[in-house]
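Over in Swiss-Prot, the protein carries these features:
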- 1-19: signal peptide (SIGNAL)
- 46-161: domain 'C-type lectin' (DOMAIN)
- Cys83-Cys160: disulfide bond (DISULFID)
- Asn122: N-linked glycosylation site (CARBOHYD)
- Cys138-Cys152: disulfide bond (DISULFID)
Amino acid sequence: MRLILLSGLLLLGTFLVNGHDADPEGEVLNSVLLTLMKLQKEFTNLFHAFLTVHKARSFGSGSERLYVSNKEIKNFEALKVICKQAGGQIPSPQLENQNKAFANVLERHNKEAFLVVGDSGNFTNWAAGQPNKADGTCVKADKQGFWHSTSCDDNLLVVCEFYFIL
């Protein structure tokens, strides 16, 4: 959208530099200005619609991060690829409300899913007796949101995290 606006401004600048010989009444210039104004209004409407949907999606969980499943069952390596292609990342809840939002997805699907805890800051939600490296080097969350060591080869629910910085 911004590219279209910039293109319109470039056209406007071209008309201003070349003078008004080709458009003595200013019809083309007025048309370009009108189109730019319509595009700006459309961009603003789309931006507000996006914000409304984002706020609605995050309202119930209290988290600005969205956790979404495509209902597939995959191992950790496949999950990395899927989340990256979708524009998200492997879940990495860093606050209790984020972990709760993630756990809500798992509870709804009655499944477990991988997560990354390396950058979780001060928040952890390890189950009793965990982490246990003997179980594996990856981490999964159960349906209640408790974390467990697991094998990266396990096949778990695909859940990706999406975080919008506005």
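The backbone N, Cα and C atoms fix where each Cβ goes, and this holds for glycine too.
Cys160 (disulfide bond) is surrounded by 22 other CB atoms, counting those within 10 A of its CB over all protein chains shown. Other Cβ atoms within 10 Å of the Cβ of Cys152 (disulfide bond) number 15 in total over all chains. In this view, Asn122 (N-linked glycosylation site) is surrounded by 6 other Cβ atoms within 10 Å of its Cβ, with every protein chain counted.
With respect to their backbone Cα atoms, Cys138 (disulfide bond) and Cys160 (disulfide bond) stand 16 Å from each other.
Distance between Cα atoms for Cys160 (disulfide bond) and Cys152 (disulfide bond): 16 Å, as a whole number. Averaged across the domain 'C-type lectin' (46-161), pLDDT for the predicted model comes to 90. Secondary structure at Asn122 (N-linked glycosylation site), as computed by DSSP, is coil. Non-local contacts of Cys83 (disulfide bond) by the CB criterion (under 8 A, 6+ apart in sequence, same chain) comprise Gln89, Ile90, Val158, Cys160, Glu161.
For the pair Cys152 (disulfide bond) and Asn122 (N-linked glycosylation site), the Cα-Cα distance reads 24 Å. According to DSSP, Cys83 (disulfide bond) is assigned to a helical segment. DSSP assignment over the domain 'C-type lectin' (46-161) gives 41 helix, 29 strand, 46 coil.
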